[in-house]
Amino acid sequence: MTNDIPEEFELDGIRRLGSQQDLIQEAIGSFGTYQFLLCALVFLSKIPIALHQMAIIFLAPNTDYMCPEKNTCPCPAPQFNTSIFTNTIIMQWSLICDDKWLVCFTQTIFQFGTLVGSILFGMASDRFGRRLPMVVAVVLEASMGIIAVYMPSYELFTFIRFLIGTSVGGSMVIGFVIIMEFVGTKYRDTLSALYQTPFNFGHINKRPTTNLRSTINRYQALVERNSLKKGNILDLFKTPNMRKNILAMSFNWLACSYCFYGVSQYIGQLSGNIFINVLCSASVTLLGTLCSIPLMKLIGRRTILIVFNFVCAACLFILAALPQGLISVVFASIGVVSSFIVFVLVYLFCSELFPTVVRTAAIGFSSMMARIGSMIAPFVIALDTTAVWLPPVLFAVIPLISGFVAFLLPETKGYELMTTLEEGENFGKKNNT
């Protein structure tokens with residue numbers, strides 16, 4: 001490690017600004033002990049996020065009941081079947097008949113909270129740094145998760161779920177950005193996939209750090225001299241190329257979230273054992289996460305996005321024509337894993353597509369669109385009472401459209417992370433085919 005700052009870092013233009021992060025990575029390594037511990041902490045915070053996101057499957061499963069006095073609604077004193085679940089929010093607050101829609105509403109409110117959190121915490125992290133908003137989100141998530149258990153009414157329970165969703169949105173957005181900004185390009189695609197799992201296997205780079213402190217001090221001085229203008233969410237829409245990219249990217253987020261959360265919940269309502277159905281879905285999702293690592297190393301981001309959107313749509317169209325049974329669970333699971341691979345990809349794709357000054361804002365806005373999709377999904381599932389084939393068809397249409405929209409996005413594989421708004425606007429104008 002030399003004591004001189006390379007000349008090219010003093011030059012104006014993309015290379016100088018685009019290499020500020022590389023300066024720090026040169027000093028501490030692309031993936032060393034610090035990054036390993038940082039990833040371990042962020043991954044640890046990811047575990048309860050999944051529990052909160054998928055909790056509705058077991059908080060409000062389909063529950064059989066009888067009315068002692070009559071067989072029509074309203075039913076003032078229902079007798080619930082407790083052979084599988086002894087207590088759910090449906091049983092506790094009698095969410096049946098005219099109140100059945102409240103089951104969908106509480107999940108929609110949770111996802112709305114996630115939407116709000118992704119925006120608020122995203123803006124806060126761009127303004128005040130990543131660490132403090134991340135700590136606030138994790139503390140809020142833990143405390144509200146405990147408080148939710150003791151809520152005496154549906155209204156209070158739903159409000160607490162909103163706060164949990166807010167913290168979940170913040171943790172997801174900031175946690176991913178932290179990993180992408182501290183991990184070198186070589187490991188970025190791998191870590192973006194492993195971020196979706198509750199564990200991490202990292203390769204620790206034990207490079208010498210003899211002059212680390214003096215090197216960081218000198219590089220920090222250079223970075224401060226070249227300090228960047230802070231961006232905000234409006235900057236994503238001011239110029240035509242970035243506006244096209246954020247609209248296309250955020251629609252893909254909406255599509256994969258809409259399908260993943262919707263079909264995952266829909267699988268719990270298919271015939272058969274609910275625990276086995278959910279286990280199958282979760283298992284193939286983990287498999288999809290692991291498969292996405294070599295896919296992202298070998299294939300371009302846009303190609304993966306297009307292919308798996310179309311695979312998801314095809315499986316769900318087929319699901320609509322199948323009778324309920326094992327084969328329907330198989331096709332639903334393939335649809336889930338395809339949408340989840342897209343979910344894994346869009347995090348990385350979005351972080352590479354937008355510059356540092358608006359990166360968290362871009363992921364926050366995209367996450368907001370994803371929450372809109374997941375807010376709609378519970379009400380789509382409820383349409384199975386109208387026609388059994390209707391939910392799968394409605395879940396299939398959006399990824400089909402999303403696959404075509406993905407053709408508008410440029411390829412980012414192999415490019416350094418951008419820093420300025422000018423780089424973000426110019427990127428892809430000549431690369432998009």
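Every residue gets a Cβ built from N, Cα and C, even glycine.
Small disclaimer: the values here were computed from a predicted structure and weren't measured.
The transmembrane segment annotation in TrEMBL covers 36-60 (among others). Residues 85, 88-90, 95, 103, 106-107, 110, 134, 138, 141-142, 145, 164-165, 168, 171-172, 175, 178-179, 182-183, 191, 194-200, 202, 204, 261, 264-265, 268, 274, 278, 378 of the same chain lie 6+ residues outside the transmembrane segment (36-60) yet bring a C-beta within less than 8 angstroms of a C-beta in it.
The transmembrane segment feature in TrEMBL is assigned to 100-122 (among others).
According to TrEMBL, the feature transmembrane segment maps to 134-153 (among others). Away from its own ends, the transmembrane segment (134-153) comes close to residues 45, 48-49, 52, 93, 117, 121, 125, 160-161, 163-164, 166-168, 170-171, 174-175, 178 of its chain (Cβ-Cβ under 8 Å, at least six residues beyond either end).
Panel annotation: around the transmembrane segment (159-179), residues 38-39, 42, 45-46, 49, 52-53, 106, 109-122, 124-125, 130, 133-134, 136-138, 140-141, 144-145, 147-148, 151, 191-192, 195, 347, 351, 359-360, 363-364, 367, 371 of the same chain, lying at least six beyond its termini, place a Cβ under 8 Å from a Cβ of the stretch. Annotation comment: TrEMBL describes 159-179 (among others) as transmembrane segment.
According to TrEMBL, the feature transmembrane segment maps to 246-268 (among others).
Feature annotation from TrEMBL assigns transmembrane segment to 274-296 (among others).
Summarising the annotation, TrEMBL assigns transmembrane segment to 303-322 (among others). Same-chain residues lying 6+ beyond the ends of the transmembrane segment (303-322) with a Cβ under 8 Å from its Cβ atoms: 252, 255-256, 259, 263, 292, 295-296, 328, 331-332, 334-335, 338-339, 341-342, 345-346, 349, 389-390, 392-393, 395-397, 399-400, 402-403, 406-407, 409.
Non-local neighbours of the transmembrane segment (328-350) in the same chain are 176, 180, 188-189, 192-193, 195-196, 249, 252-253, 255-257, 259-260, 263-264, 266-267, 270, 272, 277, 280-281, 284-285, 287-289, 291-292, 295-296, 301-302, 304-305, 308-309, 311-312, 315-316, 318-319, 322, 362-363, 366, 392, 395-396, 399, 409, 412; each lies 6+ residues outside the stretch with a CB under 8 Å from one of its CB atoms. Residues or ranges marked as transmembrane segment by TrEMBL: 328-350 (among others).
Annotation source TrEMBL lists transmembrane segment at 362-383 (among others).
Sequence-distant contacts of the transmembrane segment (389-409) (same chain, at least 6 residues past either end, Cβ-Cβ under 8 Å): 244-245, 248-249, 251-252, 254-256, 258-259, 262-263, 266, 301-302, 305-306, 309-310, 312-317, 319-321, 332, 335, 338-339, 342, 349, 353, 373, 377, 380-381, 383, 428, 432. Among the features that TrEMBL reports, transmembrane segment is placed at 389-409 (among others).
Residues 52, 56, 60, 89-90, 93, 133, 136-137, 154, 157-159, 161-174, 233, 261, 265, 360-361, 363-365, 367-368, 370-372, 374-376, 378-379, 381-382 of the same chain lie 6 or more positions beyond the ends of the transmembrane segment (100-122) yet place their CB under 8 Å from a CB of it.
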